[in-house]
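Notes follow the structure.
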């Protein structure tokens with residue numbers, strides 16, 4: 001039977017389903033059961049074996065991998081330029097024998113220029129050809145700095161030197177022609193034309209095409225390097241912002257305990273004001289750019305730019321920001337209008353939850369423990385992934401400009417100049433192509449990468465599940481205590497953590513395993529979607545889109561069900577399947593109440609996170625962009641001032657989660 005009119009609609013909806021009987025009132029129940037046994041032992045053993053295998057994969061990857069392959073430029077023989085303790089330690093720059101060969105379309109497909117590449121100390125500083133340099137001993141001695149080792153006869157016969165040198169400058173540790181502009185003409189070394197060393201006069205514009213293709217991948221890497229440099233220069237400011245947001249979140253929760261109603265309405269008003277200011281600021285920037293040269297260029301015409309500040313110089317960017325913020329503002333106002341009655345109930349929930357946090361203060365700091373464990377899991381996964389991806393051996397292939405039967409075949413660079421392949425293809429080069437291998441380890445490398453990703457999901461979900469069960473048990477001990485805090489454990493969080501690890505590691509592993517399988521399927525679907533982007537099969541695309549949508553919904557449902565299952569495990573000590581069933585029936589019996597109040601409360605807590613992140617984010621914007629005169633000389637000089645802002649916003653979402661993480665876990669007992 002329905003308890004009241006509020007649940008009548010819920011009763012009608014579930015009348016066709018058997019959702020079980022409500023748990024009978026037990027006056028002797030005083031919170032989480034102490035007398036319990038281990039649950040889901042098989043899953044616990046499986047999880048331990050998987051962790052041991054994960055450690056073995058990490059050790060194997062660390063013994064085989066070489067991260068230097070992604071740090072240092074690599075010459076044609078696969079050697080690292082500038083690597084300490086090697087003959088190339090002082091040769092930090094990569095030099096291309098003929099940069100114009102990089103203009104080939106194959107460069108964009110294979111990311112390798114069909115020309116010899118070698119490590120040098122300095123880039124060429126003057127223009128000269130091999131023929132002219134050979135006639136002058138001083139010039140030839142300088143020229144040999146850019147030649148492969150060999151005698152004069154070998155240099156001339158085997159082509160161990162470039163046909164010409166052009167004045168170059170280092171860029172991302174690679175030598176590129178120092179192109180200039182003179183009288184509207186592109187020049188190299190003050191000349192618009194040059195001798196290519198083969199008796200042909202070439203236009204300086206030919207060098208531009210080669211440089212463009214050679215920098216396709218390098219430019220993207222340069223952006224990443226600049227972002228990393230900005231992060232290293234501003235990490236302490238990011239940390240300071242994180243601490244400020246953390247203290248603000250703690251203060252916010254403490255105030256909620258005593259002034260929940262007033263705080264929530266003030267928070268709502270401040271969120272509306274902050275977003276309103278954002279709309280006003282975007283409009284002022286939009287209006288200020290009116291009539292400015294180039295300000296009316298569209299985002300589509302501008303395309304991708306490595307200097308992201310360029311986007312802030314066009315009106316369309318600020319118009320887009322203004323529209324997005326206006327839509328968010330309207331949605332929030334409409335939700336507040338239509339959910340005002342539910343908001344009052346949600347405020348009462350938040351007030352009671354804040355009172356619970358006041359009795360379980362350790363819960364405020366438990367998210368730090370979860371964050372630390374997640375950081376370890378992410379770091380282990382990232383390091384293992386890097387070592388796995390760099391554990392291949394260098395593979396060399398034949399690269400050439402003209403047709404050749406040996407094109408793209410595997411070759412050996414040490415004796416290639418005297419090999420039959422070179423004789424049949426005189427203009428070919430044996431160059432480093434990629435990293436691979438034919439051993440058993442290399443054959444199953446993709447499987448190890450997959451295992452690394454899967455265990456990452458499993459471990460991350462396990463850590464999150466541990467936090468949910470720990471806090472659920474801690475707050476349950478508060479809600480079911482008749483005399484607070486006398487009937488509560490001395491350290492409810494630590495007691496709950498100990499119970500979770502001692503008795504329910506298997507249940508945590510079981511629930512996180514189910515979620516991890518769904519997540520890895522979603523990753524595979526994203527991979528298939530990436531592969532099928534150029535496909536013309538509309539049905540396959542439609543089917544893939546449906547599958548992605550279904551598994552996204554399934555993941556959300558499993559997350560919600562798992563969280564409530566962990567709460568039941570923490571309270572009654574039963575296995576995962578039984579607890580999940582009981583949680584599902586409990587939710588179905590209170591479907592409307594749970595759905596509406598849970599989401600309304602989440603919405604209010606989201607506004608709290610939005611307020612904290614927004615306020616600190618706005619301050620970070622003015623600080624790092626140098627717009628606050630008081631801190632103009634204090635802010636670090638950065639390539640992209642938005643880097644610490646974005647990192648701060650991502651990091652600030654964590655202290656903001658303290659608002660919702662604790663509140664969300666203890667609402668079940670209200």
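Backbone N, Cα and C atoms are what each Cβ position is placed from, and that goes for glycine too.
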Query raised in the report: Can you say which of 453-481, 540-568, 569-597 is given as transmembrane segment in TrEMBL?
Result: 453-481
Query - transmembrane segment according to TrEMBL, located in which of 426-450, 501-525 - result: 501-525
Requested in this report: Would you mind telling me which of 213-234, 235-256 TrEMBL tags as transmembrane segment?
Outcome: 235-256
Report summary line: Relative to the transmembrane segment (262-280), the stretch among 39-62, 318-339, 364-388, 453-481 with the most Cβ pairs under 8 Å is 318-339
Report summary line: Outside the transmembrane segment (39-62), at least 6 residues beyond either end, the same-chain residues with a Cβ under 8 Å of its Cβ set are 380, 383-384, 387-388, 391, 441, 448, 451-452, 455, 458-459, 462, 503-507, 509-510, 513, 569, 573-576
